[in-house]
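Student: So that we are looking at the same thing, I have put the structure below in structure tokens.
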Amino acid sequence: ASQLCSCSSIGLDSIPLGLTAKITVLNLAHNRIKRIQSQDLQQAVNLRALLLQSNKISSIDEDSFQSLEKLELLDLSNNSLAHLSPLWFGHLFSLQHLYLQGNSYRDLGQSSPFSSLRNLSSLHLGNPQFSVIRQGDFEGIDFLQKLWIDGSNLSQYEQGSLKSIKQINHMIINLRNSNIFSDLVRDLVHSVTWLEVTEIKLPVEQKSLVENSTRPFRVQKLTFKEALFTDQTISRTIVSLKEITSLKELEGINCVLEGKGRWNTKEIARSGQSFVETVTIIKATIQNFHLFFDLEGMESQINKLKRLTITSSNVFMVPCKLARHFSSLLYLDFHDNLLVNKRLDETICERSWPSLQTLNLSQNSLKSLEQTAKYISRLPKLNNLDISQNNFDEIPDVCEWPKLLKYLNLSSTQIPKVTNCIPRTLEVLDVSGNNLKEFGLQLPLLKELYLSRNQLKTLPGAAPIPNLVSLSVRRNKLNSFSKEEFESFRRMELLDAGDNNFICSCEFLSFIHREAGIAQVLVGWPDRYVCDSPLAVRGAQVGAVHLSLMECHRSLVVSLICVLVFLVILLLVAVGYKYHVVWYLRMTWAWLQAKRKPKRAPPKDVCYDAFVSYSENDSEWVENTMVRELEQACPPFRLCLHKRDFVPGKWIVDNIIDSIEKSRKTLFVLSEHFVQSEWCKYELDFSHFRLFDENNDAAILVLLEPIQSKAIPKRFCKLRKIMNTKTYLEWPAGEEQQQVFWENLKGALKS
């Protein structure tokens, strides 16, 4: 269903059955398939890519690929094919990429196997046994984007074999037989744009490379990889290559030069001017390079050179005399060599490299930034300088630089700070990897600033760098940046602040989420912007984090909660006051106290006939009238009065409870004052629970003055009910009625 069938590395011995027209990509690489038969791929008519590399294929039926007219890529590399048949590829009209290298065939057969492949773009062939290329081998191919031939043991090449291919953009050939090199070049000089030769040991060729060839030539770039040169062969090669007038670029990668630079400079000079504009030498090995001659006499060959790259090749100096003849050189790359400050004085002497615009001295052994700047200031047209990965350690306050310098790379140079040594003319500055803690230079023309891998805690100020367009502060100690900091860079188009330990505060997140278009400005957004704190969101992408209101406005929320709690308490107090909640609490406490005592005291503990509950405002009547009448009666009644009989120092509530418990009756002297009295409430509270709930007549109500039932607080619900349902004694005004009142009261107390 996915149109891709991947069956690689599963130990298949043959192509699996059941392949259908749905499949467009079939990967059978790294198995043990030995043969491809006619019917194996017959149904896979829509196949675009067939990968059969690294099997053990030694036999292919002639019509095995007949139904694969839509096939664009066929990989048969690293198998055991001993010959190639044109019949295999006869119906592959759409084939663009064919890989046949790593088999065991010695030649391409009696006729071209590629004659019907009109759309072929890239072809890889050859193997360690491949030894012969004949005329007609490439018949039918007009154009190739890339041709790769493993001819490491190629021993026979028929002149003109590759001429049938009219254009090859990039050809790579592994060639050890140096005698074939010249014939190859003569055939390819009109068709190949970039020729790459590996493992060759160049001969001392006396014949011309372009003998009997007519101009114009097509070759523009020639690359030697892992080639071996001597002083003699390199001199002759330089002379021979001058004949290829179209050649603009020479490249040597991992090459070895056996010699000391004793080149035949006179012959080289007599051969005329070189047309090469770009020379690149990477990882050249020169035995005893410190004894290498200064190439005196080569001055005439370098004055047209525009680009020179010599990297990882132990270059420690260029003689001043030679350097002055690089009159047209615009680009010089001496990356990863052995240049030191003392030799730099010779390498960049006065009037040397007069046209140089770009210089790369990174990863050398320069120690003094002040001296380096001084020598480089001799280059009047220099505007691009890379001196990164040199251990300068210190940076002076003032330096002398070329007046036109616009780009400066000082990354990984161990400078502890930035000073006015850095020129104000810069448009691009890279000081990454220097453990800088701040950046405050005044650079009015600066457009790009790279501060990665430092110790910055905030963005640099925008005022000293008003024209900044791009800023990189990756892998610093940046915790956040504010809207004000961000907007202060008015021309900012790119900000790379990834891989920092961001504190995802509410302010930072609010700015990130609300700032329109910030995703277009932040480089690496959102993957490289990760929260380090708070702990709950550590590791989460900044853009995906949303903190709660409590986390964002903690102090405000706490303040609101405190205000709400205060208002609730205030409301509860108001409600409690209105609905006598305190009274109910006291009632509950009294009830709990009463519950802990027995419901009725033993007879021996009853000391009083009655406990008198009255208001202080009614004390004159109680103490002078009622007490005298009852306690002087015959027999006398013993009354309990709080003024007289309460135990000093004892809690008043306990006194009330104990007095009621030790009295047979409780006598309530009711009046308006009684209802308003605080302690009368306590006394009534307890009796309300203790006595009324027992449904007995232990309570005697004496109404000292008329009281309306509605005047009694609603919380004394049972008292209101008793006054409405039971008889109570009312103190009369007349003396005759008073005598009856006393008789009735005494009778109630005796009952």
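Cβ coordinates are placed from backbone N, Cα and C, and glycine is handled just like the others.
Note: TrEMBL annotation is automatic and uncurated.
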Student: When you check TrEMBL, which of C255, C349 turns out to share a disulphide bond with C320?
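Tutor: Within the candidate set C255, C349, TrEMBL assigns the bond with C320 to C349.
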Student: In whole Å, how far is C349 (disulfide bond) from C421 (disulfide bond) when you measure between their Cα atoms?
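Tutor: If we compare the Cα positions of C421 (disulfide bond) and C349 (disulfide bond), the gap is 22 Å.
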Student: Could you pull out which residues elsewhere in the chain have a CB under 8 Å from any CB of the transmembrane segment (556-577), counting only those six or more residues past its ends?
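Tutor: Non-local partners: 549-550.
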Student: Just the number: how many Å between the Cα atoms of C349 (disulfide bond) and C399 (disulfide bond)?
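Tutor: Each residue's Cα considered, C349 (disulfide bond) and C399 (disulfide bond) end up 18 Å apart.
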Student: Just jot down the residues in the same chain as C320 (disulfide bond), at least 6 apart in sequence, with C-beta under 8 A of its C-beta; none if empty.
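Tutor: The answer is E346, T347, C349, S352.
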Student: Long-range neighbours only, meaning 6 or more apart in sequence with Cβ under 8 Å: which ones does C399 (disulfide bond) have?
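Tutor: Spatial neighbours, sequence-distant, of C399 (disulfide bond): L369, E370, A373, K374, C421, I422, P423.
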Student: Count the other Cβ atoms sitting within 10 Å of the Cβ of C349 (disulfide bond), across every protein chain shown.
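Tutor: Total other Cβ atoms inside 10 Å, all chains included: 17.
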